[in-house]
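Written below as structure tokens is the structure these notes are about.
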Number of protein chains: 2
Amino acid sequence: MNILKKRLKELELNPPRVLALGFAGLILIGALLLNLPIASKSGESIGFVNALFTSASSVCVTGLVVVNTGEYWSLFGHIVIIFLIQMGGLGFMTLATLVALILGKKITLKERLIIREQLNQETMSGLVKLTRYVIFSTFAIEGIGALVLSTRFIPIYGLGRGIWFSIFHSISAFCNAGFDIMGNSIVPFVGDITINLTIAFLIIIGGLGFSVYIDISRNKRFKRFSLHSKLVLVTTFILIIVGMILFYLIEWNNPETLQTLNTKEKVISSFFQSVVTRTAGFNSVNMSKIRDTTTFIMIVLMFIGGSPGSTGGGIKTTTFGAIFLTTFSVIRGRNDVVAFKKRIPQEIIYRALSIASIGLFLIVIVSMILTISEEANFLDLLFETTSAFATVGLTRGITPDLTSFGKVLITIMMYLGRVGPLTMAFAFAKRQKNIKENYRYSEENIFVG
Amino acid sequence: MNILKKRLKELELNPPRVLALGFAGLILIGALLLNLPIASKSGESIGFVNALFTSASSVCVTGLVVVNTGEYWSLFGHIVIIFLIQMGGLGFMTLATLVALILGKKITLKERLIIREQLNQETMSGLVKLTRYVIFSTFAIEGIGALVLSTRFIPIYGLGRGIWFSIFHSISAFCNAGFDIMGNSIVPFVGDITINLTIAFLIIIGGLGFSVYIDISRNKRFKRFSLHSKLVLVTTFILIIVGMILFYLIEWNNPETLQTLNTKEKVISSFFQSVVTRTAGFNSVNMSKIRDTTTFIMIVLMFIGGSPGSTGGGIKTTTFGAIFLTTFSVIRGRNDVVAFKKRIPQEIIYRALSIASIGLFLIVIVSMILTISEEANFLDLLFETTSAFATVGLTRGITPDLTSFGKVLITIMMYLGRVGPLTMAFAFAKRQKNIKENYRYSEENIFVG
Ligand SMILES: [K+]
Ligand SMILES: [K+]
């Protein structure tokens, strides 16, 4: 035990590093399980690269798949996948805390720090309470979602499969995983209001982040919310509406997607597609048939993604909001970035800038490399890379045809996207902790733009 | 006269607005001249949209063309074009100052302010001197360039045409305009060291910006340079080398571009292509034949562009440098952005962030609209849009086939790119000048990423 402690100390387990290594470990365990012959219906192993890809896609709640999830995997495989999704979605440390709670152990300061990092919670107090609350709410919301879905799935698939499908897809939706075991995402249910709205609702809640619900349930009125919650809610709302309108306008007369639907169905699926694009990865229309314009819009929406501390990916709504507000301030000739009569600190603006530029850099580099290693169209590869980074899971249909090299690259991208590029950097970059911040270099102007 | 003054006051002619309107006026005059029948070899008018496009492309030193410059236009047309390029490159206000100097008039404070905005010069003192210096150096450098080029062009094209071609291409290169009257850019001279190096050298000098030369000629040693000059030189150097290596590695075995050349020619044309991509727009290999990977790299390099206060476009090397340094600082856990032992002010970082995000936004929006209005491939449209915004002028060959709507959109993009998105915003956005900066809103944290 003491040896273990010493080893941990040697590894310098700062919270971001534990997070990064924990996710990596979970992915590896998942890969080993999915690599087993019993995981597939055919009884043959899928091969390590494909198992690793599927495990990473589950843990990182991405939803990109190399085989049809419903048709290829056995019940054992499905259980492993949904388990990995739940672990990944809730966050392995939240679960570790759960285990600690159950075993009656005291939670150490270090463990609290890890949870804090993961849930993006500022105060240390009440973290155990928060974790308990997070886990309880997750199961409650997923339970309600499954109940509602079962009213539609049981009549179609029978009692046993209906319940199993309801649970699977409720978890998958809440965790923004995008995995489905129905064969063709929810394309067959493109006009089904109950299924569409339930799944969309689960996705939205899962993508807001727990700090926002806590704020909502505590403070009730928008005016009293924290700046963070206000930004998350406003940005999410605007992005959903803008995405919905654009999707409708560009696809309404596309014979391969919306044209054959009636107006109600057109509106529902535009709404649905706008919601899922930002991180969830379900699709009610075929992604390889949408127009280039829509594809490009979706790449932008995917890049922005969900909100911090949620099951969503991307650079996050608040990062996008902070960048937008900074640009707006500069145009107006202001020195401060102000939102809802509060000033956003310079440190946060710098951080937002870093997150966006690292994200952009990763996507550019990876899609560039893929244009060399893969045969596919540039736009499809850019879509696939962004989808992986933002843990969205939508695809133009090229995932199964990727080379092993391409699959490994996309696996790495899903991992980096989920852990977060900045957390990743914090985990392994050499940080200058002992800089005397009271000594500052003198300022000098440069010209930009 | 008094009426004119009053009208000018009513228009609230702040420096950015004069700049924006001045460029627009020059483009319009150029369009009217190029629309004349005598501007074309055939004696028929090219039509207003095409004339406007060509004029904007000349004034904004972009170099995108709807017709073959060498074959279509008459000598009159060529003279108009090179005149517009020289006016655009030097900046219309610098020329206005020249006129004022010649006529012996006193330069007003307002005029000085305009020059200051345009040349990005910080101090007001010595602006007249600076302008004189800029104009003199421009003609001197262009003269030397023309002399060197003539040693190659006179033997090929004869005395008269040789001299004219040398002057035209020296101006076009120094102004980073990318226009050529040889028919196929410098593709026929792909292995010609003198021509390649002269043009590359003119382009590099033109793309550095005058404040950098002044710094170099005054302070001689790198260590004594301003932070601005250091950043410009280092970023330019790194971008040229990285671009050259990537172009060589990806294109060396492409039968349509580099494969048939010998090693010396391969290295020269990789170097040349890396230099011109960032803003100049000449090409020694056919752009529609390069690989998707190279195309994408070139889009990124075009977006970064030249340096502030130069004839180059894009978001500028220093903007890119500032963003890179901020990201690096955040990863290292520093609160300040430091380069060469100097701190870059927060205001500049915010400005860099704004420039990059407005640029990105414009490119996304315009290329999105083009995917609807045009028939071309997505990557080609993204390339064209970025090329227009960064006033580069490279194309995958789709410019002549654009619809009139597409041409107007690209014209607007060239204009916005040249004036600069932030200058544009400063020119016409309602700015809050009277905000009491001693009153600040209280800070509140948000979570990002
Ligand atoms: K997903
Ligand atoms: K150019």
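Backbone N, Cα and C define each Cβ position, glycine as well.
Listed in TrEMBL:
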type	residues	note
TRANSMEM	A:20-39	transmembrane segment
TRANSMEM	A:45-67	transmembrane segment
TRANSMEM	A:79-103	transmembrane segment
TRANSMEM	A:130-150	transmembrane segment
TRANSMEM	A:185-210	transmembrane segment
TRANSMEM	A:231-250	transmembrane segment
TRANSMEM	A:296-328	transmembrane segment
TRANSMEM	A:348-372	transmembrane segment
TRANSMEM	A:408-429	transmembrane segment
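Sequence-remote contacts of a segment are chain residues at least 6 beyond its ends whose Cβ falls under 8 Å from one of its Cβ atoms, and for the transmembrane segment (A:231-250) they are 204, 207-209, 212, 222, 225, 258, 266-267, 270-271, 273-275, 277-278, 291, 293-294, 297, 301, 304, 307-308, 317-318, 320-322, 339-340. Proximity of distant same-chain residues to the transmembrane segment (A:20-39), defined by a Cβ-Cβ separation under 8 Å and at least 6 residues beyond the stretch ends, is recorded for 13, 45-48, 51-52, 54-56, 58-60, 73-74, 76-77, 80-81, 84, 87-88, 92-93, 96, 415, 418-419, 423-424, 427-428.
Outside the transmembrane segment (A:45-67) by six or more residues, the chain places 23, 26-37, 39, 73, 80-81, 84-85, 87-89, 172, 175-179, 280-282, 311, 313, 384, 387-388, 391-395, 399-400, 402, 404, 407-408, 410-411, 414-415, 417-418 with a CB less than 8 A from a CB of the stretch. Sequence-distant neighbours of the transmembrane segment (A:185-210) (same chain, 6+ residues past either end, Cβ-Cβ under 8 Å): 89, 119-120, 130, 133-134, 137, 141-142, 145, 148-149, 151-152, 169-170, 173-176, 178, 232-233, 236, 240, 261-262, 264-265, 268-269, 271-272, 275-276, 278-280, 282-286, 306-312.
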